[in-house]
């Protein structure tokens with residue numbers, strides 16, 4: 001849902017009000033605006049050199065500036081203008097050289113010694129809100145805006161006030177289903193543009209995390225730490241360390257005491273009426289445990305143990321689960337007890353023993369007479385990637401399971417930036433691709449040339465693999481102009497398999513190259529009947545004219561392929 005105002009306007013309105021159910025009647029309707037940076041630049045350059053990040057500014061201290069009275073206030077449409085003045089947040093010389101000097105270029109972080117530079121776009125909501133005024137409708141709005149431009153960016157940053165930041169993070173973690181890209185939420189105790197500020201570090205760190213690290217979940221970045229969004233809670237209003245994730249690794253087990261059995265009876269009656277109740281702890285460390293008498297009493301009353309969920313995560317998870325109209329009561333209860341987005345630690349039965357060390361690692365360690373656990377660990381770190389990629393290449397699922405159970409990272413990269421999914425996609429090993437996807441492999445990782453596993457699979461015409469990747473959320477990243485070029489080249493080479501690959505990958509087969517020619521023009525020119533038939537079946541328009549004012553049928557006639565011209569005429573009839 002993208003809409004652009006007239007070119008004379010200095011603002012692009014990229015989204016309008018959505019027809020969503022109003023959860024809170026006090027919610028203020030909003031419009032999302034971008035100042036100066038146009039999304040049009042996303043379609044022009046080849047995006048192998050930079051990652052693309054969208055920054056959504058909702059309000060809060062982080063973007064405040066001093067007004068005419070010297071007071072800090074959230075002044076609309078000032079954030080990006082001010083960011084451009086700070087060389088540690090925007091590399092103007094690089095942006096001008098890379099994108100031109102039309103005054104409409106994206107912002108670019110200075111070189112941070114990451115794999116690629118990070119270009120980012122700042123869009124802000126109007127009106128800007130204090131986070132204490134954020135409602136559930138605002139959560140819905142942010143989620144829908146991210147979904148609307150999801151395929152255009154590699155990551156997202158949400159600038160937010162600190163009071164309800166943890167609630168928004170928890171809510172988005174449940175609302176953004178099947179998330180394959182990072183969404184980083186941040187704020188600050190001191191605005192970005194103050195002399196002494198935590199806002200700058202939080203802002204820059206968030207953009208780097210969203211653009212350089214493929215962590216496909218909702219996170220909170222604050223005071224140089226990245227937290228899982230639904231594990232985060234605000235712990236201070238005055239310190240720069242305003243947020244913490246106390247229960248990510250549980251440190252202790254604590255019980256709570258509920259006085260009086262009358263309370264238990266009331267709770268039992270509520271659960272019998274179909275009310276879902278979740279018991280959480282306000283303690284900074286530990287989890288709700290049912291081994292205590294009071295905990296056991298609550299379970300017997302039908303209350304769900306929230307384990308180590310934060311109150312923010314429990315509330316927003318419950319909102320998410322209750323909104324699932326296609327789930328019955330029992331399913332909703334099961335989902336509240338299940339770890340959906342990493343918001344809780346579900347303790348299972350204890351393992352019978354530690355995972356056995358990989359046999360190769362053990363053998364080499366013994367041969368080298370290594371006695372130090374650190375030395376063995378270093379050998380393991382050197383060997384495991386090689387063993388993992390070899391198992392992928394050999395389609396050895398049993399070996400993959402063994403290596404994975406020993407702690408191998410499924411998204412680890414080789415020296416060329418290829419992941420195991422790149423390798424399996426290149427070789428067309430659908431069984432391995434399926435295993436990798438089931439074990440958390442990211443479909444959005446790009447190698448040093450900016451190639452995704454989907455692009456690799458398409459270029460090798462592995463249709464089954466392309467289908468699997470698309471089903472998991474992969475999408476093509478080429479601009480329409482570049483896509484037109486590769487489609488025209490495929491048709492000109494009579495390569496119908498390549499056209500089918502792009503079609504399965506979701507490409508628009510009617511995209512034109514710089515000369516205005518579509519794949520159908522090229523197929524008619526070279527006389528490829530198989531390509532013409534496929535493109536017609538795929539619904540490619542037959543009336544498109546190239547820059548020489550020729551339609552595909554005209555191209556066929558000029559090159560003495562009258563039978564193809566008749567095919568097109570029959571299609572038009």
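Glycine is no exception: its Cβ is also placed from the backbone N, Cα and C atoms.
A TrEMBL annotation is a machine prediction, not a hand-curated record.
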According to TrEMBL, 162, 163 bind substrate; which one of 131, 188, 197, 206 is annotated to that same site?
131
Rounded Cα distance in angstrom between residue 163 (substrate binding site) and residue 61 (active site, O-isoaspartyl threonine intermediate) is 10
Could you round the CA separation between residue 61 (active site, O-isoaspartyl threonine intermediate) and residue 162 (substrate binding site) to a whole angstrom and send it over?
8
Within the chain of residue 131 (substrate binding site), which residues six or more apart in sequence place their C-beta under 8 angstroms from its C-beta?
58, 59, 60, 160, 161, 162, 163, 164, 165, 168, 187
Once DSSP output is merged into helix, strand and coil, residue 61 (active site, O-isoaspartyl threonine intermediate) belongs to helix
Taking the centroid of the Cβ atoms of 131, 162, 163 as the substrate site, which other residues of that chain lie with their Cβ within 8 Å of it, listed in sequence order?
60, 61, 130, 132, 160, 161, 164, 165, 187, 234
Greatest Cα separation in angstrom, residues 131, 162, 163 binding substrate per the record, works out to 7
Indicate whether residue 131 (substrate binding site) is helix, strand or coil by DSSP.
helix
